[in-house]
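Positions annotated as domain 'Nitrite/Sulfite reductase ferredoxin-like' by TrEMBL: 138-199, 391-455. Among the features that TrEMBL reports, domain 'Nitrite/sulphite reductase 4Fe-4S' is placed at 209-367, 472-581.
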Amino acid sequence: MACSSLFAVKILSPSVSSEAKSAASVRLRVRVGTSRIQTAVQTPAAAEAAAVVAARLEPRVEERNGYWVLKEKFREGINLQEKIKIEKDPMKLFVEDGVNELAKMSLEDIEKSKHTKDDIDVRLKWLGLFHRRKYHYGRFMMRLKLPNGVTTSAQTRYLASAIRKYGKEGCADVTTRQNWQIRGVVLPDVLEILEGLADVGLTSLQSGMDNVRNPVGNPLAGIDPHEIVDTRLYNNLLSHFITANSHGFTAITNLPRKWNVCVVGSHDLFEHPHINDLAYMPAMKNGKFGFNLLVGGFFSIKRCAEAIPLDAWVSADDVIPVCKAVLEAYRDLGTRGNRQKTRMMWLIDELGIEAFRSEVAKRMPQKMLERSSSEELVQKHWDRRDYLGVHPQKQRGLSYVGLHVPVGRVQADDMDELARLADDYGSGELRLTVEQNIIIPNVKNSKVEALLKEPLLRDRFSPEPPLLMKGLVSCTGNQFCGQAIIETKAQAMKVAEEVMRQVSVTRPVRMHWTGCPNSCGQVQVADIGFMGCMTRDEKGKPCEGVDIFLGGRVGSDSRLGDVYKKAVPCKDVVPIVVDILINRFGAIAREREEEEQ
């Protein structure tokens with residue numbers, strides 16, 4: 001179904017109208033047509049309202065010497081991160097080779113200047129480098145771009161070699177956005193690592209802070225017998241557009257906040273479209289393939305919101321232009337004050353969906369958007385499939401094998417072994433999933449039995465994990481992340497193991513852990529979610545705790561979960577989970593199970 005003319009899409013430089021008029025910003029919900037503001041009543045009050053509307057729709061940023069900066073008149077009340085961007089555009093560290101100078105400096109010298117201190121703590125995130133000041137001073141996590149979660153054995157081996165030198169500080173995680181994060185990196189090694197990434201076709205560019213995150217797609221793209229469309233093509237195009245083919249696309253690197261995108265290719269909605277800022281939903285219109293658009297889904301400390309329909313359909317040819325238009329509307333009009341109220345949905349709420357849609361439409365090449373199609377291709381009533389284990393591909397004689405990676409954590413030796421298995425049994429390719437697992441595709445059926453006997457699959461990454469382990473997801477936690485309030489990965493494993501000793505379940509139950517309200521572990525989409533907090537134990541002493549969420553769903557009936565119980569000490573979590581599983585998920589206590597036998 002993919003359209004070959006997609007390859008003709010060009011990366012266009014954004015433009016800003018010079019005709020916008022200046023006025024104070026006003027929070028106002030307005031009705032706007034597809035191309036101009038409707039002002040039917042020309043009274044003085046109406047004229048004043050129209051002027052206010054025009055003022056709110058003035059772009060707040062402008063291009064200066066190749067970078068987009070916030071205009072002086074919109075700088076009052078902006079947050080700290082915006083001030084840091086104004087002092088120096090973070091992309092200069094990459095585009096103008098500023099990272100080279102930083103890498104030559106000692107941390108002591110870097111700390112002497114606020115300017116360079118902000119470089120390593122904030123601006124380097126635009127290059128995918130996150131300083132772990134709080135727990136691992138001087139070391140960085142590096143987040144990669146990996147569109148659609150597709151990686152190769154060569155890339156995996158290189159990442160293994162990059163982290164192996166850091167010993168116990170070095171490891172890697174599969175993230176909830178289908179990509180790799182490597183840990184333990186030190187600044188003097190960054191240039192060499194960046195060169196090594198480029199050599200194997202990887203980049204870490206624009207993977208953090210106010211940038212577009214890794215484009216997510218169907219992990220079974222191209223091999224799924226039931227796929228709607230192969231999402232790899234679109235996500236590759238999106239990733240190349242977002243980073244200007246890994247050269248750095250400064251036109252969209254000064255967003256008000258981070259921004260997530262996915263392309264849906266499965267009835268299972270493995271891509272979780274309802275939690276993305278922009279989601280492409282396959283739909284036909286007048287005999288032509290394209291996508292209906294959802295916008296605004298996000299998690300934050302202040303608020304979580306599901307994506308809503310934009311009432312727009314685009315053909316396959318317009319996947320990139322509409323992404324560009326949405327990003328420009330958000331970049332130009334998004335507020336930059338309270339950091340917790342700067343995600344795109346806040347802008348949509350302020351303007352109203354029709355006004356936001358109009359702003360997107362006028363940034364399209366043809367200055368318009370078609371209304372959404374009723375011919376949606378995702379089946380509404382579809383039992384979400386399990387990709388773990390052995391499954392036949394659409395290609396005759398081949399299977400894919402889904403491996404469970406406990407809470408997404410891998411070591412260098414694991415990565416080398418995964419690369420070997422991909423080469424020996426498959427086509428040298430691995431697929432990462434948003435549930436932090438890994439799929440080996442293109443395994444000849446005659447080789448499946450031998451693959452299942454491999455030590456890594458028997459001892460570490462089982463294709464058939466226990467039911468409660470299948471859906472276990474965890475963020476980094478405070479082992480490495482300075483924002484995390486609690487330790488998550490080891491705790492998630494410990495709780496799951498103890499619960500399994502007490503109850504037996506008949507179906508998978510998705511349990512997600514996140515160390516703080518930023519919800520990188522996406523607890524709101526879990527059957528049972530655990531969000532880190534500090535609380536007090538029965539003696540009144542401070543201790544690690546969690547807020548427990550229930551009721552999140554993924555798939556065609558997706559919804560966000562609600563808080564079930566707040567501030568539960570971590571040591572008291574197991575009996576509560578046991579009770580939830582028995583009363584809500586049909587679990588059976590082990591003692592009762594043994595009696596019935």
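Every residue, even glycine, has its Cβ placed from backbone N, Cα and C.
What TrEMBL says about a protein is an automatic prediction, not a curated fact.
Shown for the domain 'Nitrite/Sulfite reductase ferredoxin-like' (391-455): DSSP residue counts in helix, strand and coil, namely 26 helix, 21 strand, 18 coil. For the domain 'Nitrite/Sulfite reductase ferredoxin-like' (138-199), the DSSP counts in helix, strand and coil order read 31 helix, 20 strand, 11 coil. On the 0 to 100 pLDDT scale, the model's mean across the domain 'Nitrite/sulphite reductase 4Fe-4S' (472-581) is 89.
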